[in-house]
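What follows is a short report on a single structure.
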Amino acid sequence: MNKQTFMKGALILLAAGVVNRILAFVPRIALPRIIGAEGVGIYQLGYPFLIVLLTFITGGIPLSVAKWIAEAETQGDGKRVKQIFRAAMALTIMLSTVLTVLFIWLTPWIIDHLMTEPRVFQTFRMMSPLLIIIGISSVYRGYFQGKQNMIPTAFSQTMETVIRIIFALLFAKWLLPFGLEWGAAGAMLGVVAGEIAGFAVLLLHYASDRKRPPGTPMETADNANELDPFPPLSTERPHGKTAAKEKERIPVMRRLISLSVPVTASRMIGSFSYLLESIFTARALLLAGIATGAATAQYGALQGMIVPILLLPTALTYSLAVSLVPSLSEAAAKGDRATIHKRLHQSMRLALVTGAPFVVVMLLFADPICRILYNHAEIAPMLKWMAPVGLFIYLQAPLQAALQALDKPSTALMNTFIGAIVKLVLIMKLASMPSLGIYGALIAININIVLVTALHWISVTRFVGFRMQWIDFLKVITAMCIMGAASLWVMNQQVLPKLWLNLIAACMAGVIVYLLLMVALRIIDRHDAARIPLIGRWFRP
């Protein structure tokens, strides 16, 4: 198995993440044109419940598997790696099966008592298989990430995205004649098809890994069989040995649960916050005098159109977070404080540098972006309101991953909990005001993002003595202002016949100016620039 360095692993996931984010915009653009903003709202209302259940299954297990396997690899303990994988797979299958049955059983009650939009029922039915599929896939990803081999994760994510795009649009179009709710359910069915494809890719990589010629402790046939998450029902091994291995698995599973529970609890707060956000927003909009259909459309515009644009740069922050956990875990296990500081500085600097130009573009060109992508210029003010907090979103993921890798998940839990309480209280207070409506929810979400990121930053600083150089922030802000001026000048020239061509030209000009400033101001050096896809070759010696 190929083990990558922190930067190489992050860049592999970055490349896959950028491709996936770009591809994911195809259904984001096309789906509202098929089922409309109201249909997107129905589709989006189902997601918070799915996220809560998936968080319960996968919230802490994959990260714990990655962290624990990375530590075992550092110690050369191949037997421990096998035990971790077996225990994680058994625990995940058990949890996902129980929750799938429970979710199917409780769906009618949820629709009747919690939702303001009964048409979401069909979407709920379609998404129930996702719990088992994503749960098992997450263990494989945690295993490969713990081995610091990010290639299987990158390939599976790309395959999942491609298949999801194709089938979500096809199923939505095919089922739309049966009603708007069936169009939304068809889009969710496409998500199921994509996850099956991604799972298949992980299985193929795992099968290929098992067939490697011997040469390392993890490459023997016996070890491959031990790591098989679906062992045959009958086996030729002596019963005593099998029983001994079952006893061996129990303390490993207990330790895995103890590692996973704080992380899962922290993420559950975020997931429940997202769920309650959708419920509170819908009810607050009704209190503001907005009809159910209009409230669903506004929520769909926010969560299905605006937020995906804002989250585009998180392709990087996700890759940094995934790569940061095993890397920091290894450094912490060795007591290597210098490496901890180095990795934190790398991840924070890259998140800041990469996210900044997106913030400029979203803030200055919200109107043409929404007009071109969705043909709904009226939602542009939402994007302008949320764009300034983009940098806080992009910095949040590496900070939270650092807290988890440093065995401080309870701190991340408390920070997230405080932010969630503040957000929900503000949503009910502000979104129910007729003068604000959906913008009240936007204000609450923005305050939550800034608050949680600030708390994470303070916590990391306190635990490891990490200090980011503030001069870097000033340099990036300066570069953002100059980039914005250059982009606006190009956009105002209107030298091209189409709006989208002028927007692309303005963005490209701004990004080129921004990158040159990053190099000139020494925020990134030639080695960092050489790693950037497509343009990196210009900076290589």
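Just so you know, glycine gets a Cβ as well, placed from its N, Cα and C.
Because TrEMBL annotations are produced automatically, they should be read as predictions rather than curated entries.
Because the structure is a prediction, the values reported are computed rather than measured.
Summarising the annotation, TrEMBL assigns compositional bias 'Basic and acidic residues' to 236-245.
Per TrEMBL, the feature region 'Disordered' maps to 213-245.
The transmembrane segment feature in TrEMBL is assigned to 84-106 (among others).
Taken from TrEMBL, the feature transmembrane segment applies to 126-143 (among others). Within its own chain, the transmembrane segment (126-143) is flanked in space by residues 46, 50, 53-54, 57-58, 61-66, 69, 85, 88-89, 92-93, 95-97, 99-100, 103-104, 107, 152-153, 156, 185-186, 188-189, 191-192, 195-196, 198-199, 202-203, 205-206, 229, which lie at least six positions past its ends and keep a Cβ under 8 Å from the stretch.
Residues or ranges marked as transmembrane segment in TrEMBL: 155-176 (among others).
With a cut-off of 8 Å between Cβ atoms, the residues of this chain six or more beyond the transmembrane segment (182-204) that come close are 27, 31, 34-35, 39-40, 42-43, 46, 119-120, 122-123, 125-127, 129-130, 133-134, 136-137, 140-141, 144, 152, 155-157, 159-176. Look at TrEMBL and you will find 182-204 (among others) tagged as transmembrane segment.
Same-chain neighbours of the transmembrane segment (274-299): 36-38, 41-42, 44-45, 48-49, 51-52, 114-117, 420, 423-424, 427-428, 430-434, 436-438, 440-441, 445, counting only residues six or more beyond its ends whose CB sits under 8 Å from a CB of the stretch. Per TrEMBL, transmembrane segment is recorded for 274-299 (among others).
The transmembrane segment annotation in TrEMBL covers 305-329 (among others).
Taken from TrEMBL, the feature transmembrane segment applies to 350-374 (among others).
Under the heading transmembrane segment, TrEMBL lists 386-406 (among others). Long-range neighbours of the transmembrane segment (386-406) within the same chain, counting only residues 6 or more positions beyond its ends whose Cβ lies under 8 Å from a Cβ of the stretch, are 63, 67, 263, 266, 306-307, 310-311, 313-314, 316-318, 320-322, 324-329, 332, 340, 344, 347-348, 351-352, 354-356, 358-359, 362-363, 366, 412, 442, 445-446, 449-450, 452-454, 456-457, 459-460, 463-464.
Annotated transmembrane segment per TrEMBL: 413-431 (among others), in sequence order. Using a Cβ-Cβ cut-off under 8 Å and counting only residues 6 or more beyond its ends in the same chain, the transmembrane segment (413-431) has close neighbours at 262, 265-267, 269-270, 272-273, 276-277, 280-281, 283-285, 288, 437-441, 443-445, 447-449, 451-452, 455-456, 459.
The annotation transmembrane segment is assigned in TrEMBL to 437-458 (among others).
Annotated transmembrane segment per TrEMBL: 470-491 (among others), in sequence order. Within its own chain, the transmembrane segment (470-491) is flanked in space by residues 349, 352-353, 356-357, 359-361, 363-365, 502-503, 505-507, 509-511, 513-514, 517-518, 521, 523, which lie at least six positions past its ends and keep a Cβ under 8 Å from the stretch.
The transmembrane segment annotation in TrEMBL covers 503-524 (among others). Tertiary proximity for the transmembrane segment (503-524) is limited to same-chain residues at least six positions away from its ends with a CB under 8 Å from its CB atoms, namely 349, 353, 356-357, 360-361, 365, 368-369, 372, 472, 475-476, 478-480, 482-484, 486-488, 490-491, 495-496, 532, 535, 539.
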So what's near the transmembrane segment (84-106) in sequence-distant terms, Cβ-Cβ under 8 Å and 6+ beyond its ends?
49, 53, 56-58, 61, 64-65, 68-69, 72, 124-125, 128-129, 131-132, 135-136, 138-139, 142-143, 226-227, 229, 249, 252-253, 256-257
